[in-house]
Amino acid sequence: MSVLRTLKDHSVAREPLGLKSSPVFHMFALEFCRMWGVPPDISHLEFYDDHVQEGHQYEYRVTAVNAAGSGKPSDTSAAISAKPMKEKPKLYLDGLYGKKIKVRAGEPINIQIPLSGAPIPTVDWTRNSSKLPESNRISRQNVRVEETRNPLENPLTRGIVRHDSLMRIYGVDPAGDRTRFVLVEGEQANSSANAAPVQMRMDTVSDSATLRIEATTRNDSGKYTITAKNDYGKDSADIEVTVVDKPGSPKGPLSYSNVSQDSVTLSWNPPQDDGGGDITGYVIEMAEFGQDNWRTVPGYCPKPNFTVKSLHEGKRYVFRVRAENIYGLSEPLEGKPVAAKCPFDPPDAPSQPEVTSYSPTNCNLRWNPPTETGGKPITGYYVEKRERGGEWIKVNNYPTPNTSFNVQDLREGSRYEFRVIAVNEAGPGKPSKPTDSITAEYQRSKCTFLVFNLCLRYKYLCLTNKFTYSYTFTNMLHRVIFVQNRKPDAPEPPKADRITKDSVTLSWRPPRHDGGAKIKGYIIQKKKKGDSDWSDVNSSPVPVNVYKVPDLKEGEEYQFRILAVNDVGPSEPSRPSNNILIEEQANKPCMDLGAMRDITVRAGEDFSIHVPYVAFPKPVLTWFNNDTLLDDKDPRVFQQLTDDAASIVVKNSKRSDGGQYRLQLRNNAGFDTATVNVRVLDRPGPPENLRADEFSGDALTLFWNPPKDNGGADITNYVVEKKEPRSPTWSKVSSYITTPFCRIRNLVIGREYDFRVMAENQYGTSEPATLAEPVRARHPFDPPGAPGAPRGIDSSEDSITIAWTKPRHDGGSPITGYVVEKRLISEDKWTKASHVHILDLVYKVPGLIENHEYEFRVAAINAAGQGPWSSSSDSIFCRPPPSAPKITSDLSIRDMTVIAGEEFTITVPFTGNPQPKPSWTINGEDVYPGDRIKFETSNTATVFINKCARRTDLGTYTIHLVNSEGSDTASCKVLVVDKPLPPQGPLDVSDITPETCSLSWRAPLDDGGSPITNYVVEKLDPSSGLWVKVSSFVRSTHYDVIGLEPNRKYSFRIRAENQYGVSDPLELDEPITAKFAFTVPDPPGQPRISDWDTTDITLTWDRPRSDGGARIQGYKIEYRDVSEAEWRVANDYLVKDTTHNVHSLLQGREYEFRVRAKNAAGFSKPSPPSSKLKLKSKSNVPSPPGTPKVIKVGRSYVDLQWEPPVSDGGSRITGYIVEKRESGAGTWVKCNEYNVLDCSYTVLNLVEQADYEFRIFAVNAVGKSEPSSCTTPVKICEIEGGEKPEFVRPLSNVGAPLGAPVVLECEASGKPKPTARWLKNGRELTLGGRFYTEQKNGVFKLTISEVMGIDDGDYVCEASNSLGYVTTSARVRIGAPPRIDRMPGDLYLPEGDNTKIKIYYSGDQPMEVTLSKDGKKIDESTHIKYTVFDEYLIIFIKEITKTDAGVYTLSVKNDSGSVSASFTVYITGLPGPPIGPLDVSDISKNTCTLNWKPPKYDGGLRITHYVVERRDITSTHWIIVSSFCKETVFTVQGLTEGQEYLFRIMAVNDNGMGPPLEGTNPIKAKAPFDPPSPPGTPKVTEVGGDFVNLQWDKPESDGGTKIQGYWIDKREAGSETWQRVNVAICMPTQINISNLIEGRQYEFRVFAQNVAGISEPSTASTSVKIKDPQAAKPPEIVKPLRNVNAIQNHNAEFQCTITGYKGARELTQGTKYQMLKEGDIYSLVVNDIYGEDADEYVCRAANKAGVKSTRAELVIMTAPRLSIPPRFHDTAFFDKGENVVVKIPFTGFPKPKISWMKDGETIESGGHYTVERKVQYYKHALSSV
């Protein structure tokens, strides 16, 4: 089914033919829309649907109906829009109309314009009215290929799909295979397969037209026109497209208009293509010819001409120029090589001088000027003479302007030659040929005969004998000369100039007389030593007086002589030379440069230069690269010199190896030099100045500058990469960018990005250039908001200073400046207050009228333009303000350091009116002038003078300036340095031992203004009474003195020292004695025997009366048998208490005892001995018996058994008493009536099943003992086989260290199994916590975890059963293991110092203390000692050395354990000097910056700071600038301008200050830059009624720093006084100067300013008259004068203006000059012109508005006139073969033509004729006549 047509509200559909249908009915049901609606049945093949809505889309399908019913529906039609099918094309340009499209070159253009029209319009594009060609870059339509498989089951159904200008048609071939169709607008569809033709109707609808241009170029700019047309009309639109790019290269040629010795002026034409942007300037680059080291010429070049300066005379240079706009630099325009030399050449050689006459003392010469003058007139001539074979000597010191000269002071008889040198502005030219030699003598006499009537010239030669006579006849008046010719005189003896191993070069002087005929040559003769005959060396005469004699025999001696030959014959031989030995002599080097070529290599490759040479002796080789001497330090460079060649090899070349290589070979005879250029190619350097600009939402443009170094090859492309700041990887944006910018798209707005750019050439890719910080993708900006209303902050008689606040919004772009306008209160018109943008928020408005009120308003400017105006200010009066004092110098940078006793001054410049009164304060206290302190005040400055500085003068100096209008104040710091005060006391002495003591003191109250470098410790020698230095460099306020003599008295004193001296001493009040500070204790009291036994006794004693000043550490007990003399020690360790049991004594022996007390000083004297005691038993009640054990239990009895008492009390045991009690009863009942003698007993009559306890008493003669321990309760019952408990394994004594676990274990047997009970010190243990028990198979365990001191005691285990109990006990002793309580950490000990180290420990005595270093035990010596005390150890090290460094280990051991700990000792010293060089940079008038590196050796400690000192070179004192500088850079302030200083730096660590690093050269405190050179002459660009606009060029030199701005002066014409125009500095190179007086003449000059100061003034501008632009206009010359050619003695007429001038002389009306006027035509007639009337004539037109003039020349035409030289007035004769030059001077204008004729035939250049026409003469040359 197909759709025939559609309208807005209906459509017509048609049924396709070829349906298979029944012959019955042709009835169709047509369904439509997506919700298939069924209209009434139709019987034809078309359908008219009038129920559609405009703009809606519909689909249709058809169902055929016959008698059988409805068939299947057809395929659906394509979607059909209800719209007109006949419509005029319409272009919708809402997004483009009236706008221009601007893109960068290389970016695409994509223009999409919506359109409508039916049928589909045809679209045409044109550019600048020319049809737009199709190319790979330009496309106007989309071509698309679609593919489907069997899209139509019914060949009569097809789909039509519209997409812009594309139609897709689906067709099916008979085989059902897939077919592809392509339809391009305006063309027929073609199948891509061999499908059967399908009849179809194509209806295309397009709603847009697209033009896309890829990779735009500048040629794509222009006016693009789109035209859409169909059968019903057309529509068109214009679009302006601008493609911007870097400019084209400047237009050549690059010409050199002015060349001098050190400068070249370049000129060129602007580029034809400015790239779409204004040319902002030009970049000039230069390189030496033959090298590729292009470098940018400094300076700013805004115009197409530039003068390059500072060139080297004689060198050849190549220049190239690039144009620059905002989009980049163009390709260069390169010029030809040019040499820096004078623009003119020296003149050519004059003609050969002619000797006109001579005498014995002088000679007259004349000559002709040179034919070529070198472009400048000849200024004179130098005349030179020489004796034959001698040197040329200049005759005249100043050039003679004449072509003749009289040579004086000749020596009679000598032969002379003369030559002439012409001179012009370029210098002397080439010398002329020398004259023939003459002898200084009287000229030969001549016989003259008068012969008349002879018309021919004859020459007759008459030969007689050896003489030749000649006579000559000439016409008219003749002169006949007879001359007698003869052989020449003998030459002078030859001299040897050069001798080799087989030749000699001879030279000689010509003979004094040539015999009257020209010398033809010379014959050289030789004779070997010993030979008698001379032999000729040359067969024919040599014409010169130098000759090399070859083929001589080395080692032989020869003589030589010379014969001169003329026409007559050879002369007599000369006198022979001296004997000449043939051997090699010195020969200066001579290099063979034939094979030398410039070299080009890749970086990393090797290259070599090989130069053959000849020299003797062997020369010395020197290589230079770019005038830098090459040495052997670079391991890549190898130089070699052989006997016949010099070479250099460079390995692994770098870019820096390129340039000019110069080889110099030198020996005693001279030197030779050769050069060769080397190019090293490499990858480029990184691009520069990467920046982002042109933000537009999701896009921005990156700009960069090309690399300074292109690696020797052109940059082929750039690679751009991006990443987000947190991302670690870079993604490539583009890898082939050929321009120095790139448009980046598809960014996320608001997100930051990093970018980098690499340059690439054929040799590789550079390092990347990165942005300084990430950039954020953002939208473009808007103009800024309005600033705050201006307010007045200052005023003067002609200016007002206003200030304002920034706008609240900057529009998204930084504020670039502000515009200020002003108006008088009485006026409505606003005028500009400044013609330049103001960068600050404050502006001083100049040029105002005094006592008038003004209003001001301000607008801000950013890159988007100017924002709205602010509110106007309040009215402000222009009048001078009160002038309060103002200090004009920053005193804070003038802090100073002064040495005590010296004079210093402080100068404070100020402004203020009336003159303020100064007052000074120091640290807030008023200062009054006196003899030592004075004030001096002038109108501009006040000076504080201190004639003699004191330490008390240091502090902050504050000046207060006060007048009636206000005050000002400023401060600076003054440091007065001196030697320090004495250290502060008291001088404490501690830790005194017999050999050591420790001193401590406090730092001085005043260090003298300089850090304390050290302390000096001295001791008073007790033997000599003299003070002896102990140490002269103590760094801290503590010192350990070692090496004292025991028990001698010592006194000490301390001095502090800084760099300015040593203080007075701090002395010890009382001397000390070298001994312990404590003594041994007094003897203890006499020991008393409180108890004894057969083998031991118990002693008690009293403490000593005095402990000696130290704690009593313990006691030592001694005893002896009274029968012996020796006392023995009873205890191995010190006893802490005053009681002790002495064991293991022998019974029956008599003993006495004594005690010694011990403290840190040692043992005391022994106590008095105790009373003597004979050891024997002592009678007493016995000790308790052992605990009774139940042996057997019966029905009513118990068998008991026990152990006897340990002690019988000194009396025999007489029996035992047994007692019982029932459990729970409180009364014990005696069981036996009499004493039981044995240790067993059967208790009877017990109650069965009752529980009983039993105990035993022992009885002796003294009485009854204490009862034994009672048994456990025993149940009375009959037990068969029962056994009482018995310990198989009793408890054992245990000792344990504190905190360790303890296990008590025992084992008992019995039946029934016994149970255990544990007791400590008689009390039952409470189990739990740290105590727990175990019981298994009769084994009992008590475990104590982490024992404590309170756990010490006796422990008992009681095992019991029903038959009884048994106990076992043990002693648990809790020992205190050693513990190190205080151990030092790592120690840094200064080398050379003494030190004391104290280590604290604790634990049970006795202890074994061991000290080791690096694993080896330390043996005490005089260098290291240590003392062991009970609680600590002291180590003394004297004069520490580096070997004392190491790991020290302390080991402490006692019975309870051991412990060890270590500490490390590092030996430190003073730091070394900082590493130089000490760089001084950023030098200004008052400041400079110092840089250095940390010292290589830090002394083993961290460098804490640096001390910076300076010294005036006129002073010997170093002054501290900074005593605590933390960094390795420091800015020194307070320098005096013009003064020279030296600096030094010292590093400081905790040990002190090290040696200094000193600067090598003094620096002068001055500005680092020079003032700029004067600006260009100011030019007046605009003149008004009361103003001028002035412009000028920047200075040629900026002095090395940025130009800050300009100052402009004015003066009236005729006045000597200049007045300053601008109150504030002017930043641009133009200014509008207002408030000028109309009608007056003004001149202007400009000063440039940088940080170094103000330049010299520029040349004053031309005088300009201030006048109203509406005033009268100056005259205008409509037709200027023209040059007039006139014939001499005729009249000449000029036509033009009013007043005429000839040259500089005013003409007046008269017979010579007639001035005529006819209307606007003015005429000047010059009558009867002649030679001097030829000149320049000026015609000047003048009115009150000005003067105009025009100029022209009067040229007089004359007939040709020849001036024939006298020689050619008659026949001229020349020798055959001689070159003849005929010069004929001429006059005439215009320049006449000339022709030469010979025998009636015209002669032209060719063959041996040369015809030339010069400026003033004609030249005819004949060669070899």
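Cβ coordinates are placed from backbone N, Cα and C, and glycine is handled just like the others.
Here is what TrEMBL says about this protein:
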- 89-242: domain 'Ig-like' (DOMAIN)
- 250-343: domain 'Fibronectin type-III' (DOMAIN)
- 348-370: region 'Disordered' (REGION)
- 353-365: compositional bias 'Polar residues' (COMPBIAS)
- 490-585: domain 'Fibronectin type-III' (DOMAIN)
- 686-780: domain 'Fibronectin type-III' (DOMAIN)
- 786-881: domain 'Fibronectin type-III' (DOMAIN)
- 885-975: domain 'Ig-like' (DOMAIN)
- 982-1077: domain 'Fibronectin type-III' (DOMAIN)
- 1083-1178: domain 'Fibronectin type-III' (DOMAIN)
- 1162-1188: region 'Disordered' (REGION)
- 1184-1279: domain 'Fibronectin type-III' (DOMAIN)
- 1285-1373: domain 'Ig-like' (DOMAIN)
- 1474-1568: domain 'Fibronectin type-III' (DOMAIN)
- 1675-1755: domain 'Ig-like' (DOMAIN)
Taking DSSP helix as H, G and I and strand as E and B, the domain 'Ig-like' (885-975) has 7 helix, 55 strand, 29 coil
Are there 3 or more C-beta pairs under 8 Å linking the domain 'Fibronectin type-III' (686-780) with the domain 'Ig-like' (885-975), counting only pairs at least 6 apart in sequence? no
When only pairs 6 or more apart in sequence are counted, do the domain 'Fibronectin type-III' (686-780) and the domain 'Fibronectin type-III' (1474-1568) reach 3 or more Cβ pairs under 8 Å? no
The mean pLDDT across the domain 'Fibronectin type-III' (982-1077) is 87
The DSSP breakdown of the region 'Disordered' (348-370) into helix, strand and coil residues is 0 helix, 9 strand, 14 coil
Summarise the domain 'Fibronectin type-III' (686-780) by DSSP state, stating how many residues are helix, strand and coil. 0 helix, 50 strand, 45 coil
